[in-house]
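Per TrEMBL, the feature disulfide bond maps to C241-C258, C260-C269. Under the heading transmembrane segment, TrEMBL lists 281-306. Annotated region 'Disordered' per TrEMBL: 367-400, in sequence order. Annotation comment: TrEMBL describes 381-400 as compositional bias 'Basic and acidic residues'.
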Amino acid sequence: IPSLVGKDNCILAPYKFVGTLQLANSGDQIWNANLNDQNSDEFNKLASLVTSSLTDAFVNASFSTDDFFVQLLMFSLVSNSARKKRQAVSNIYTSAQFVINIANSSIKVDELNKILNDYNDSSTWYSLLPYGQILLVSQPPHVNNSTNLCNYPQIHKCDETTSTCVQTQHQTSCQCNVGFIAGAFTCRDINECAINSTKYCPETGVCENTIGSYKCKCNTGQYWDDNTTMCSDDGCSTSPCQHDGVCYALEDPHNFACRCGYGWEGEMCQNEDSEANRMKVAVICVSVILGVCCLVLLIILLVICIRQRRSGSDWTLENDSYTNSRYSEAEHLPRAKIVHRPGTDTAENGQGSAYERLDYNQMNDKQSVFGRHSPTPNARTDGKNVYHNRAFDNDVGERL
């Protein structure tokens with residue numbers, strides 16, 4: 001991208017020469033921190049004085065202002081130490097760096113330095129000397145033949161994102177980076193995905209344009225490599241984690257990390273964890289002991305239950321709920337007593353034998369067989385002998 005100079009009309013001035021001069025430490029030339037800021041009033045005021053003085057030097061040499069242009073690059077603080085009459089003297093001054101843009105391709109560095117030196121033909125350059133609108137010290141302004149112009153963004157004006165400065169002798173140009181194409185005065189981005197997404201991303205066909213490049217969506221286990229513009233296998237693609245370890249790809253896709261399962265350790269879970277094994281053995285031992293204790297306790301409970309069941313199997317009147325309920329309903333009946341009489345076999349709670357041998361047909365509803373009501377008179381007896389409990393007779397009961 002060429003430089004354009006001129007006041008009324010833009011003129012190509014592709015040839016650039018960088019030079020320096022030393023300002024005396026007086027007036028507006030005294031150094032201050034604001035001279036580092038190109039937007040400050042101090043910088044702009046002193047820069048105007050310097051460029052005007054240099055322009056006057058070239059105009060004095062019959063140069064047209066349409067053929068050149070002076071631009072100030074920066075100011076810097078310089079300190080020189082000198083010895084005068086056995087005393088150390090420190091000289092502090094402001095140094096100015098400038099560039100002269102010229103359209104004439106045939107001009108040489110020596111010619112430029114002669115023009116700058118002849119503007120003040122004084123033979124003594126080691127004292128303070130007026131130079132146009134500024135005051136110089138030590139030496140006249142001069143340009144350098146070996147300056148790298150690409151070190152000064154103010155000169156080449158190349159956008160480092162889209163282009164790269166290239167110097168050829170005293171000229172500069174901006175070469176577009178890969179992924180950009182040259183426009184009128186700038187480099188613009190190339191949209192590769194709009195051109196042919198399947199060409200640039202043949203595996204998945206999913207393309208995403210970026211500034212100066214593009215990237216493709218990769219399959220699982222792969223990552224996009226900007227250097228090769230290809231999908232490459234990440235560190236987990238070969239399943240490096242052993243013993244069921246889980247692999248994780250790191251920020252650097254070539255590296256990986258393994259999360260090991262219980263009982264394993266190491267970079268790839270290749271080593272047994274001795275501490276985990278000891279804990280495992282301890283857990284097994286405790287489990288066995290607890291299991292044995294539970295089994296013994298269960299056996300003891302079973303034995304106790306069996307013994308209680310056996311001890312409660314003997315029938316007693318108190319434990320028989322049916323009999324107790326029968327007797328509880330008959331508490332209002334008179335208590336039978338044994339009556340001893342000759343010729344009887346059994347007596348119960350009475351005075352003498354209360355039982356007599358009778359035929360079954362002679363029994364009424366008060367007759368009983370051992371205290372239980374007999375069947376109805378029509379019941380079949382088959383000649384069996386029953387006993388008449390006299391204790392339940394009304395006359396005997398009253399007498400008893």
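Think of each number as a place in line: the chain as shown, counted from 1.
Cβ coordinates are placed from backbone N, Cα and C, and glycine is handled just like the others.
Computed from a predicted structure; not experimentally measured.
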Field: Nearest-integer angstrom distance between the alpha carbons (Cα) of C241 (disulfide bond) and C269 (disulfide bond)
entry: 6
Message: Return the count of C-beta atoms lying within 10 angstroms of the C-beta of C260 (disulfide bond), excluding that atom itself.
response: 21
Message: Within its own chain, what residues at least 6 apart in sequence put their Cβ under 8 Å from the Cβ of C258 (disulfide bond), listed in sequence order?
response: P240, C241, G245, V246, C247, Y248, E267, M268, C269
